[in-house]
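Q: Quick one: the structure is below, and I'll ask about it shortly.
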């Protein structure tokens, strides 16, 4: 049996501190073999830096996925090209984009394929088809020994996420949605043995609008302005994650459990 802890989008300093405070306790309680987190909002809500990646690696995260904000911060292309940062970008970015969209992670006797995909519904940007990108990558690894395939599908629409879940059902171990910063309560094991959730949630300020200052968001809605978002730095931090248990004999998930924790960050 293999256990994987997948943490939702980590947002800003409060999210990083929340991970540092809560993750050691979660790892002690659940004993995961691998811990993955979405890092696209790690540095003040947009992209990553060497310092923010190192901070969360030190806290116990093993690998990072990302999404549509990963290229928003100058220099992120360099970090994507350096394997030591263990950072993926969505595999369906246009051909020639910096970084990689999948990686085989070797943990003890297990080989885990981590795949990052980007949705296209209600998303700005020119992305290739995530369904066909998944097909191409899975075909590439058909002849290799893979014990589990974990997909982070960074997408807005639940319909697109659910469709990909069913499309990949039985071919991957888990399809885990990210991007909305709101953990959904629709976790399930699909008929073919694939674990699914529409969104794993976030690690960020609980008293906020999806991790950013609520007053700014409300002001923008009331006045049709676009004042830059500001993640709170202190207060109650919410940590959302899911825990997968996997039968490595058949690559199928046996359970998916939602995790919700909070802690005070000052």
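Note: Cβ is positioned from N, Cα and C throughout, glycine not excepted.
Unlike curated entries, TrEMBL annotations are predicted automatically.
The structure displayed is predicted, hence computed values, not measured ones.
Residues or ranges marked as active site, proton donor by TrEMBL: 69. Annotated Fe cation 1 binding site per TrEMBL: 9, 40, 41, 181, in sequence order. Positions annotated as Fe cation 2 binding site by TrEMBL: 40, 68, 154, 179.
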Q: For the C-alpha pair, I'd like the distance in angstrom between residue 181 (Fe cation 1 binding site) and residue 154 (Fe cation 2 binding site), rounded off.
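A: About 11 Å separate the Cα atoms of these two residues.
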Q: Report the residues of the chain - excluding 40, 68, 154, 179 - with C-beta within 8 Å of the mean position of the site's C-beta atoms, for the recorded Fe cation 2 site, in sequence order.
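A: Not counting the recorded site residues, we get 9, 38, 66, 67, 69, 70, 90, 118, 155, 178.
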Q: Given the recorded positions 68, 69, 179, which lie close to residue 9 (Fe cation 1 binding site), meaning Cα to Cα within 10 A?
A: 179
Q: Tell me, how many other CB atoms lie within 10 A of the CB of residue 68 (Fe cation 2 binding site), whichever protein chain they belong to?
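A: Counting Cβ neighbours of residue 68 (Fe cation 2 binding site) within 10 Å gives 20.
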Q: Same chain, not part of 9, 40, 41, 181: whose C-beta falls within 8 angstroms of the C-beta centre of the Fe cation 1 site? Give them in sequence order.
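A: Other same-chain residues near the Fe cation 1 site: 8, 10, 11, 38, 45, 67, 69, 178, 179, 202, 204, 211.
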Q: Give me the long-range Cβ neighbours of residue 40 (Fe cation 1 binding site): same chain, 6+ apart, Cβ under 8 Å, in sequence order.
A: 9, 47, 48, 65, 66, 67, 68, 69, 70, 154
Q: Measure from the CA atom of residue 41 (Fe cation 1 binding site) to the CA atom of residue 179 (Fe cation 2 binding site) and give the result in Å, rounded to a whole number.
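A: The Cα atom of residue 179 (Fe cation 2 binding site) is 10 Å away from the Cα atom of residue 41 (Fe cation 1 binding site).
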